[in-house]
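Before any comments, here is the structure.
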Amino acid sequence: MESRVLTGGATAIRGLPLLRKPAAVMKFNTATGNSFPATTTAKPVGPLLSGAGAGANLIWGRQLRPAILLEASPKRESIKPCFSAASSPAESSDSAGDAKVGFFNKATLTTGFLFFMWYFLNVIFNILNKKIYNYFPYPYFVSVIHLAVGVVYCLLSWAVGLPKRAPIDSTQLKLLTPVAFCHALGHVTSNVSFAAVAVSFTHTIKALEPFFNAAASQFILGQQIPLALWLSLAPVVLGVSMASLTELSFNWLGFTSAMISNISFTYRSIYSKKAMTDMDSTNVYAYISIIALIVCIPPAVIIEGPKLLQYGFNDAIAKVGLTKFVTDLFWVGMFYHLYNQVATNTLERVAPLTHAVGNVLKRVFVIGFSIIVFGNRISTQTGIGTCIAIAGVAIYSFIKAKMEEEKRQKKAP
């Protein structure tokens, strides 16, 4: 007698002896006197896959599929699993090895790809942005271009329904406006710093952002910050101080602008907590970009408008040509919007600790690649200070993520 064994959608294999089906457990109904098969459920031994089909349980390293009744032919065929539940450690070795293969599932590969794109787009943005400032030093105007290209991208995405535009009312608009204002201020001052000093130095100063976040939480929101977090920030402050004292490209405009950027993004985080909405992150970022663009246009016109009309545009075109000038501005705007959007989508898929590590590694990548590409000379003290600051951020992020995870576990039923 022939039988079929189907495994994960593979083709039928003939010639194998029929496996005896386990005897069904019967229950007896005392009221009717009839017996009937007992209903059993399989407990999943693995977590649900993020990003996989909703409700798809994992058991013994394989995904459970809906029951299939084969009644196409008179001969009754049974579908049997390749592995049964292991009753001993020795028997479970195959299933454990099978579960390891699950690491290369679609959800994991997608998250890894998003991390790669986040870093890649961020590095390309920072390099192209600095190259533009080398021949067109107008950060207010360039900041407007960053946001304008992103807004056009969002409007076109809404027009084709990818994603579908979420409606916004006056209440949500009032909540998002402070967030967008702080986003605009932080973005402009970051670009002022990028234009004034080396990219690596700006990112070293921006490593102080966790310190400002902790200070705001303690003294503005009234949240008690544990001593361990404050101690972990000491290397960050020390490292930034060491790097600043001997930075060859140091000037007060670049340093002060980066510090204002830190404060602005700290307040953006505070207002973001108050502006919780059920809108998806893509739509929220689109609305914030639109409002931020409106905020950035007036200072760009007032501060840089006359210079641009007199000689700014003409000088840039004379140096690189009209085509390169326009394409550089377009692509730097696209990279800015895409890396922010990919970062948002990436961080939604991972745990807080992975989020923290990802942010630290991103800054390391940007600093390292900017030094290589632009050939920036840095002193030994600046290099050591930068490493100390990044290490301090890593320690702070690790401790904070662990605390957040413990809070979640306590709240969980």
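A Cβ is built for glycine as well, from the same backbone N, Cα and C atoms used for every other residue.
Per TrEMBL, these features apply:
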DOMAIN    110-397  domain 'Sugar phosphate transporter'
TRANSMEM  109-128  transmembrane segment
TRANSMEM  140-160  transmembrane segment
TRANSMEM  252-271  transmembrane segment
TRANSMEM  283-302  transmembrane segment
TRANSMEM  322-339  transmembrane segment
TRANSMEM  360-376  transmembrane segment
TRANSMEM  382-399  transmembrane segment
Six or more residues out from either end of the transmembrane segment (360-376), which same-chain residues have a Cβ under 8 Å from its Cβ atoms?
-> 118-119, 122-123, 126-127, 130, 198-200, 203-204, 206-207, 248-249, 386, 390, 393-394, 397
Annotated stretches the transmembrane segment (322-339) and the transmembrane segment (140-160) touching (3 or more Cβ pairs under 8 Å) = yes
Which sequence positions outside the transmembrane segment (252-271), separated from its termini by at least 6 residues, show Cβ-Cβ distances below 8 Å to it?
-> 175, 178-179, 182-183, 185-187, 189-190, 192-193, 195-197, 201-202, 205-206, 208-209, 212-213, 215-216, 220-221, 244
Lying 6 or more residues past either end of the transmembrane segment (140-160) yet within Cβ distance under 8 Å of it, the residues of that chain are 129, 132-133, 184, 187-188, 191-192, 195, 286, 289-290, 292-293, 296-297, 299-300, 303-304, 308, 312, 329-330, 332-334, 336-337, 340
